[in-house]
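Straight from TrEMBL, the features:
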{"type": "DOMAIN", "residues": "A:2-76", "note": "domain 'Thiolase N-terminal'"}
{"type": "ACT_SITE", "residues": "A:Cys64", "note": "active site, acyl-thioester intermediate"}
{"type": "DOMAIN", "residues": "A:98-274", "note": "domain 'Thiolase N-terminal'"}
{"type": "DOMAIN", "residues": "A:281-420", "note": "domain 'Thiolase C-terminal'"}
{"type": "ACT_SITE", "residues": "A:His378", "note": "active site, proton acceptor"}
{"type": "ACT_SITE", "residues": "A:Cys408", "note": "active site, proton acceptor"}
Amino acid sequence: MPHDLARAALQGLLTRTSVPRDVVDYIVYGTVIQEVKTSNVAREAALGAGFSDKTPAHTVTMACISSNQAMTTGMGAGRASCGVHRDVPALQCPCPAGVGMIAAGQCDVVVAGGVELMSDVPIRHSRKMRKTMLTLNRAKTLGQKLSLISKIRPDYFTPELPAVAEFSTSETMGHSADRLAAAFGVSRLEQDEYALRSHSLAKKAQDEGLLQDVVPFKVPGKDTVTKDNGIRPSSLEQMGKLKPAFVKPYGTVTAANSSFLTDGASAMLIMSEEKALAMGYKPKAYLRDFVYVSQDPKDQLLLGPTYATPKVLEKAGLTLGDIDVFEFHEAFAGQILANLKAMDSDWFAQNYMGRKSKVGAPPLDKFNTWGGSLSLGHPFGATGCRLVITAAHRLKKEGGQYGLVAACAAGGQGHAMIVELYPQ
Amino acid sequence: MGKKPNKNQFEFIWGHKPTDGMVNTLSKQLSAEFTDVMNEIWANEAVRSAVLISSKPGSFIAGADLNMLEACKTAQEVTQLSQDGQKMLEKIENSPKPVVAAISGSCLGGGLEVAIACHYRVATKDRKTVLGTPEVLLGLLPGAGGTQRLPKMVGLPAAFDMMLTGRNIRADRAKKMGLVDQLVEPLGPGLKTPEARTIEYLEEVAINFARGLANKTVSAKRSRGLMQRLTDYAMALPFVRQQVYKTVESKVQKQTKGLYPAPLKIIEVVKTGLDQGNDAGYLIEAQSFGQLAVTKESKALMGLYHGQVHCKKNKFGNPQKEVKTLAVLGAGLMGAGIAQVSVDKGIKTILKDTAQKGLDRGQQQVYKGLNSKVKKKSLTSFERDSILSNLMGQLDYKGFEKADMVIEAVFEDINVKHKVLKEVEAVIPAHCVFASNTSALPISQIAAASKRPEKVIGMHYFSPVDKMQLLEIITTDKTSQDTAASAVAVGLKQGKVVIVVKDGPGFYTTRCLGPMLSEVVRVLQEGIDPKKVDAISTAFGFPVGAATLIDEVGVDVATHVAEDLGKAFGQRFGGGSIDLFKLMVQKGFLGRKAGKGFYVYQEGVKNRSVNSGMDEILQKFRVPANPDVCSDEDIQMRLVTRFVNEAAMCLQEGILSNPLEGDIGAVFGLGFPPCLGGPFRFADSYGARQLVDKLRKYEAVYGSQFTPCQLLLDHANSPSKKFHQ
């Protein structure tokens, strides 16, 4: 169950940071597909992970940027920590802009994270069946019960599966990504090349031991997972053979150039700078500034980063040139490339974003150089923390001051955050 | 006109740009260029395939050029046009180089025939892209091979359905039917506008398929489902086919009463093609096309088409202020109907009633109307909810200070109307238009209570508002141009066909209907039973029988209107006894809404029976019938001549500004037989002389109700005078 994964992430965080349990004031978790039994998965996981039962916890949801929302809800200033797949070190931010609990003076120490269990999603009975079952509860006599049961027809047993589709438009995300790629004229080859890049870079980072945020997880009854297991560098030729997955038969988005859905959880320790220093921690990074944006869920579903990037830069008083590390959520290769083209287009900036000029496309040599969701996988609610901590680690490893994290999310929403390396 | 060989010269893309007007039509000029381009494609060895695309978003080819057809003087000329078209399309069909039609926007009539002659069809899946064979609605048939290709492509039943109803088919449905091979989703903004990029993308996809067809990596053969294969198999059996013809024929006979020649011709032409082969099929198609084009039915229907186009324009120009917030007073059938057709066009609408119960009913009506579209899949449930967020139901005048227009649909009583007008004027802003949805009360009388009569106008909707296309707008001497512009703009936005008439008792539509209904009552009094009256009137082409019509309108409403108009026009509106109506009202026989009128209405019962309670009433008002004027034909003519005479009088008095709007109003608002094209078209085709003769004949029996008006007499006296040139 999802709370097991989340529990492991939280335990990993406790182990790595040695933060005393009773110091944690609050826990916020992000998740997308909720297990009905643990709808406040933050609380269940925290209790199971041995946090104090005096530490309140709540769960937030904002599609693929749920754990970003968890961080910014808790944030203000922070210091951080870890994940099942992803452990996360200390982050911190004196940012007065944050409306979160730390900035508001509600808390000093917050744990934020996210979890998603894509391998076991709730599948429901059909509405007719649910209705019959609920009525059955109220039926008093055997006769009433039998008459209700006799009304059940074979179609009642058709289950309702959750789909990665927009509620407002009924369009699946892959389909929208294919249209987006077409709108920006992104070719199949470009997408395959980008996906291959992501897998190759992730493989390299993994081999070099750079993905140190991963916490091993023992799957009950099975082996322990010690590393990201979806990294599969292939060849353009192999990838070119795949059939389009959404727009058939001529689309460009395939299984190979899309992020894959996977299980995962993340956790991160966020503190105010004073608190961190007082407790003797050396923070990893500041969470400087963040923005949320939203736009048309039909035709601009996945353009969140394009809208969020210039906004967060402006807010932080920075320019694209100040950024040393870009860490973008890779939902689809086509989506990333479309965003890059949109950010590089004056026409788009003027006609759709109400800006005078383009913000510019991030240089690829600074962009997702340790792989991304295409190669590492995308557990919806957990991805945000991974992006932030990877940005912090890359700043430290590659040298640099500012990192920019951006992500798109279902509902046509988006997010961006500026991460600053803590002075070494 | 743009044509460009693709970069590598393998595909030839021919994009046709309309040179005039909004849409592409198959004109002589286009055909000539088309032939040139095709010849070039065949001659150029570097070209291996071709794509046919329109560079005009929103229109592939919207059909044949009607002016070209109307310019033809004889059936032979039209047949020749048809044969030219057939030859051109046959060449495409037999082209050794594959031709792909890339369809975006309307692909209708001749446009569809071009598309189905191609080897492959790719269509944009958006709301503007519709395919269909609307020829039947113009009294014609698909005359460029459509009757022969369509049955082979989509199967006989579907082909009949398309050709006999003329309905528009959306792209996704067309894909399911096998009418198009691939769909292209419309794109959002990229580095160009969504429209421009979508067309470009459509072209790219179409080129890919054209290339694939030329390389034989794509097959134009469709995999057909089991059901379709079974149907095809069955249709191949002559016996089954005969049954289908028979069923379809009897259905057509029943619905058209034999008044429309086109549907029967379509069946005959399809039949010939399937039973006797292509050559015979093409020949009879061209001949029938020619014959149909010169029928008076086709001329009438084309006249209506032109009229509709005319009535979709705002002759007053753009209003100074667009109506963004509309308030509707009264949540009854009409009020809620007006609200429904407004919210779904994005107009914020306040629906106000005086009682919670009435308001609830009205809001439920709007919901139900929209939800039925969800059930038909023309709307998603999300869109329905988002549309409904434009609707505000309330009992007070809150928010009226933001209203740009108020349409009142309250009880038809001048005092009630005055009361709401005064209440509303106290709360609305200065620019707000006050429109009255009344069917008979003169607008100037309503405006008499207004502080600002220049802002008062009549907007007469027809019930049910979401189904009836007509809106009659009534201006008084004081109504300002801008107020009129605003009302027409709202009507057009609501999707209505708009006629604008001058104020007067009963305006135009109600006034024409009055004498006819009065005559219906007299006919009933003469001992013809309601069923027979209905049969006689539908046989003439009225979609609803005359007795049923009274039930639909409501006997109380009819009484009200008859009294008002009787007072205004006197003897001319006499005929039937108004006391008969009054007695019906007394007995509660109010028509459909009360469950009883001339007929008894029961939920779920289709074959309604005559209300036996009426026997006594009809007996009571029985008058002797004069056999000289009581044959079926005479009864029909008594009803119609009174209608036409009154319509002509409206034109004579300047209530109507032109005969075109008169025809549109009568057909779309009152159900005047479409095959006759409206009262003025009918006067032209029947002959004003003959019409006057009939009137004189009835005048001799019944008196001044049948006295022909001066305008008709003028037309009768100079045969060259026509209402429509």
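Backbone N, Cα and C atoms are what each Cβ position is placed from, and that goes for glycine too.
Taking CA atoms as the reference points, A:Cys408 (active site, proton acceptor) and the residue listed as 'active site, acyl-thioester intermediate' are 7 Å apart. Sequence-distant neighbours of A:His378 (active site, proton acceptor) (same chain, 6+ residues apart, CB-CB distance under 8 A): A:Cys64, A:Ser259, A:Phe260, A:Leu261, A:Thr262, A:His329, A:Glu330, A:Ala331. Within the model, the domain 'Thiolase N-terminal' (A:2-76) shows a mean pLDDT value of 91, rounded to a whole number. Counted with DSSP, the domain 'Thiolase N-terminal' (A:2-76) comes out as 39 helix, 11 strand, 25 coil.
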